[in-house]
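Chemist: Mind looking over this structure? Questions follow.
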Amino acid sequence: MPKTVMQLVLIGFAFLSLSVLADPAKVYTTCAACHGDKGQGNPQLQGPVLAGLSGEYLTRQLQAFQQGKRGQHPQDVPGQQMAAMAKSLLSEETDLAALSAYIEQMPLPQQSTRLSGDLKSGNAYYQNNCGACHGGQGQGNPAFQAPRLAGQDSDYLRRQFMYFKRGIRGTDKSDKPGRQMAMMANTLPDDKLNDVLAFIGSL
Amino acid sequence: MSKGNIFAVVLIVAAFFVGRHWFADTPTVMTDSRSGAGYSGGAESTGSARSGLVRAIHTAPRTGTVHEVREGELIMDKVKVAEPGDTILVYPGSYSETVYIDKDNIRLSGVIEKGQRAVLDGKGHLNDAVLYSGNDIVVENLLITKYKGNAIMGQAGNNFEIRNNIIVDTGVYGIFPQLGKNGIVTHNVISGIEDAAIYVGMSDNIHVAHNQVFESVAGIEIENSRHAIVENNYVTNNTGGILAFITPGLPVKTTYDVIIRNNFIVGNNHPNFGAPGSTVAGIPPGTGILIMAADEVVVEGNIISDNKTAGIIITDHNNAPNTTIDPESDPAPDKVAILDNLMHNNGYDTIDEAKALMLTEFKTGNPDIVRVGVSRDSCIINRHQYVTVGVDNWAECGFTHTGDIMTYLLDKPVEPREIDPSEVGKVAYLGICAGCHTYTGRMIGPPVQVIQALYMDNAQGLADYIANPVKKRDDYPEMPPQDYLDATTRLAVAEYMLSVSK
């Protein structure tokens with residue numbers, strides 16, 4: 001999205017958000033511009049799928065964006081955008097838990113485009129490197145604060161994985177799940193990432 | 001040239017290639033395995049002076065105290081007072097407890113009276129029936145059922161004998177000697193195990209004979225072990241019958257010198273009920289023998305029939321399901337030798353991968369032997385008897401039988417394993433944790449590198465967890481509490497686990 005349009009959208013929603021702090025459905029209209037009206041995401045805007053993510057995970061990420069623990073790194077441009085939105089549009093009074101709960105109950109997204117890759121290899125590396133926390137079917141596991149991966153946009157997953165691997169995400173001392181993921185991102189052989197993403201896309 | 005002539009030319013060319021394929025085979029090589037050169041053992045194997053029956057390691061009369069246990073008493077109470085050299089006799093009756101033997105030279109022996117046995121009943125909530133970490137342990141004549149973890153697990157004990165036990169539905173492993181040297185597993189009847197009925201892990205000089213294993217995911221598994229003989233077992237209706245494996249990510253990186261002979265490996269077509277995503281969950285139902293990455297595996301004299309996928313599958317790590325690569329292990333099964341076996345009615349409902357491989361060799365029929373991936377210096381005799389794929393280029397073996405090797409058991413029991421206090425954590429890790437956790441992969445529990453990421457430098461947190469685990473993963477078996485280990489050992493093993501790097 002061109003920068004000017006983004007700014008306009010930003011300003012527009014800023015006014016809107018002031019009046020609708022209480023109702024998560026109304027607050028969500030702010031998010032829908034990039035994440036879709038059903039939380040289905042928007043790959044063109046690099047907005048990840050939100051439907052299917054747990055309220056706990058969403059709240060934690062929103063707080064991380066607000067508090068400057070995520071979306072600060074100069075190489076994480078979409079993260080910077082999200083951090084700006086989280087700070088400006090979601091005021092301190094916004095009930096993040098209510099917003100997250102609202103998103104959590106959105107129906108699971110339909111499958112998007114399939115990535116090509118070796119699914120057998122992807123399954124093996126997924127089960128061995130990822131499944132212990134994210135679940136055998138990519139369903140996520142609240143016991144490890146591990147988000148759902150199934151149904152998520154492959155480009156977003158690849159981008160975040162590389163952020164973890166390169167020290168762009170998951171470095172804040174208070175972000176333990178992020179640091180855990182950063183450690184695991186370094187265990188997957190580089191040439192297997194595409195297969196794993198293809199496997200997740202097939203779930 | 002007319003259309004008819006073109007057609008004729010095409011036909012001639014096609015016939016030439018088809019004919020070259022069909023008729024160019026060399027004359028059938030028939031090898032008589034009733035005589036000829038014998039196998040002299042794999043790398044580092046040492047001859048045995050044993051002759052006659054291979055039934056026991058400890059044959060000297062026992063002079064220690066005999067402790068008797070009867071229904072209503074605890075076996076563990078007798079273990080606590082027993083001294084090395086003592087015998088514990090367990091009379092028929094029902095016992096519901098975990099027996100943990102952490103001293104040397106104890107014989108735990110059930111008394112069978114008119115067919116009645118001592119029954120260890122886990123009642124669906126206890127994890128392990130018998131655990132031993134001592135050397136020179138004998139466990140025999142028990143009936144073990146309804147435990148969730150292991151029926152009998154050895155944890156770094158040498159010179160073990162596990163015999164004459166009946167094991168029904170005990171969770172993950174039936175008989176599981178881990179990190180042991182010089183041990184025997186004979187005359188046990190085992191069924192209903194969701195991983196391996198008999199799992200020899202990271203061990204050396206092992207003899208597995210005369211067992212009946214059925215209705216388990218894996219019948220008999222020789223894994224990351226050397227100098228093992230698996231003979232005269234009746235292995236039927238498992239998902240996979242007999243397996244010789246290198247599991248990637250374990251601390252011991254090799255499997256070699258394994259003889260699989262004179263077994264009945266029949267109708268291993270049981271649906272796979274291993275935990276999805278685990279290594280054994282990748283075994284296709286209908287696999288008689290599976291050789292994955294293991295070297296010097298000799299297969300001789302078995303009756304291998306009615307296994308619907310294949311009689312024998314030989315694969316490297318790259319082509320095995322649910323398997324990732326361990327840079328420390330050679331992924332290829334080398335020096336495999338397939339001698340005479342009776343193979344009949346295998347591969348009648350095989351997997352697509354096997355069919356695709358057969359197409360590449362213009363083969364038809366139901367495969368007895370399937371080799372996929374790299375395998376160096378392997379050999380076979382009388383190959384004309386079988387439907388094979390992937391072995392046409394194997395050499396003729398330079399030997400025809402293994403009759404010169406009675407056993408790989410040692411002439412004398414090895415010295416008890418002495419554990420330096422500084423090594424307590426390491427030995428516990430190798431002897432216990434590595435039974436279910438590999439460094440990189442999902443065997444039973446999560447990989448060690450995941451545990452490292454979750455706990456980072458919080459060894460105490462991990463030590464607390466292993467004493468009192470909580471189920472966190474729906475699709476993994478529950479972790480059994482390791483509270484039989486003292487707090488010092490638990491912390492040591494947690495520290496060690498967080499420090500290993502392969």
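Heads up, the Cβ atoms here are built off N, Cα and C, so glycines get one too.
Caution: TrEMBL annotation is automatic and unverified by curators.
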Chemist: Considering the heme c 2 binding residues A:Cys130, A:Cys133, A:His134 given in TrEMBL, which of A:Met85, A:Met181 is annotated for that site as well?
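Modeler: Answer per TrEMBL: A:Met181.
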Chemist: According to DSSP, which kind of secondary structure is A:Met181 (heme c 2 binding site) found in, if we only use helix, strand and coil?
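Modeler: In three-state terms, A:Met181 (heme c 2 binding site) counts as helix.
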Chemist: My understanding is the cutoff is Cβ-Cβ under 8 Å with a sequence separation of 6 or more in the same chain; which residues meet that for A:Met82 (heme c 1 binding site)?
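Modeler: Counting only residues 6 or more apart in sequence, the Cβ neighbours of A:Met82 (heme c 1 binding site) under 8 Å are A:Phe65, A:Arg70, A:Gly71.
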Chemist: Grab the heme c 2 binding residues from the record (A:Cys130, A:Cys133, A:His134, A:Met181) and give me their largest CA-CA distance in Å.
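Modeler: Max Cα-Cα spread across the heme c 2 binders: 11 Å.
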Chemist: Tell me the Cα distance separating A:His134 (heme c 2 binding site) from A:Cys31 (heme c 1 binding site), rounded to the nearest angstrom.
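Modeler: Taking the Cα atoms only, A:Cys31 (heme c 1 binding site) lies 25 Å from A:His134 (heme c 2 binding site).
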Chemist: If you take the centroid of the Cβ atoms of A:Cys31, A:Cys34, A:His35, A:Met82, the listed heme c 1 site, which other residues of that chain have their Cβ within 8 Å of it?
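Modeler: Other same-chain residues with Cβ inside the cutoff are A:Thr30, A:Ala32, A:Ala33, A:Leu45, A:Gly47, A:Pro48, A:Leu50, A:Met85.
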Chemist: An 8 Å radius from the center of the A:Cys130, A:Cys133, A:His134, A:Met181 Cβ atoms defines the neighbourhood of the heme c 2 site; name the other residues of that chain inside it, in order.
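Modeler: My list of surrounding residues reads A:Asn129, A:Gly131, A:Ala132, A:Phe144, A:Ala146, A:Leu149, A:Met184.
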Chemist: Using a Cβ-Cβ cut-off below 8 Å, which of the binding-site residues A:Cys31, A:Met82, A:Cys130 are near chain B?
Modeler: none
